[in-house]
Amino acid sequence: MAILAPTSVSKDPLSLRTSSNSSSSDLQRISLNPPRIFGSKMKSGKIEQTPLRLLTASNNCSDLTAKASRKPLGLTEELKNNKLESVVETDDGSCLFEDMKRRFLSFKKHKYMENLEHYQNLAEGQAPKFMVISCADSRVCPSTILGFQPGEAFIVRNIANLVPSFESGPSETNAALEFSVNALEVENILVVGHSCCGGIRALMSMDDEVEKSSFIQNWVVVGRDARLWTKAAASKLSFDQQCKHCEKESINRSLLNLLTYPWIEEKVKNGILSVHGGYYDFVDCTFEKWTLDYKEDNLKEKHGRISVKNHLFWS
């Protein structure tokens, strides 16, 4: 048995990173040659714009046929080398979905059809061994990182991979917990956190008073205890280091919150269900895993630590 606290923080502060293509609503950009939509001439100190013919993507990504309107949709003007240049964004996302179509058909040919019996069995029902709670961050896909195949894990994703307590009331997370534990009878619950988590940064940045109009703040406040323990234990560290500390501390708090659900605690106590924490660092591609070592006195927190076993580090 071991006692787990958030591991020591890297000396290199990790700053929050965002990805321009992390949202499904982002639009595909197509550069035109020449990319200039308006010819420009200097006249009396002003730019006189001369409309030119504009090509944009239709159903076929390579079929550029549409004319521009006076105020073309999806038009982005950029200043490059002191010249006003423009790129066209496809408003219907046709190129994105053409790529998605190719990936789906590849899956069907190389996965589905080659394992047809397995997928036909899945059509009759599911019996996953794992319930996974992970972050909605586009860089953190449990099936990709941990290799879960269809039918192996029941997964719910939310901001900052938080588990609200039983007393917090209904949410999509505890609805998924109820279904996976009581109906599917999973044998393992795995809470997966990760590096550079924007949700944890929002938690660490917020004031003590929650802004009622903010959906994000009203959700991440679930991790308030992790924030308080981090502020107390890592007050001398930089803000980035505190965020990294809280990323792991929040996982432990979620494990404790799992035990506030009577039907989860009962199964853990009887050895039917195991509760695990995991931390994926995508900066250096490492994964840390630990299992809650259940004892009734674990419910009484001691110095913000929980008892764990089978603590592993994969690199």
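Don't overthink the numbers, they just go from 1 along the chain as shown.
Backbone N, Cα and C define each Cβ position, glycine as well.
Just so you know, TrEMBL annotations are computer predictions that nobody has curated.
The stretch that TrEMBL tags with region 'Disordered', taken from the ranges 1-30, 61-90, 241-270, is 1-30.
Cβ neighbours of H194 (Zn(2+) binding site) (same chain, under 8 Å, six or more residues apart in sequence): S134, C135, D137, R139, V140, N161, E247, Y279, Y280, D281, F282. Counting only residues at least six positions away in the same chain, the Cβ atoms of C135, D137, A160, N161, C243, E247 sit under 8 Å from the Cβ of C197 (Zn(2+) binding site). The Cβ neighbour count for D137 (Zn(2+) binding site), using a 10 Å radius over every protein chain in view, is 22.
Same-chain residues that are not part of C135, D137, H194, C197 yet have a Cβ within 8 Å of the Cβ center of the Zn(2+) site turn out to be S134, A136, R139, V140, A160, N161, G193, S195, C196, G198, G199, I200, E247, Y280.
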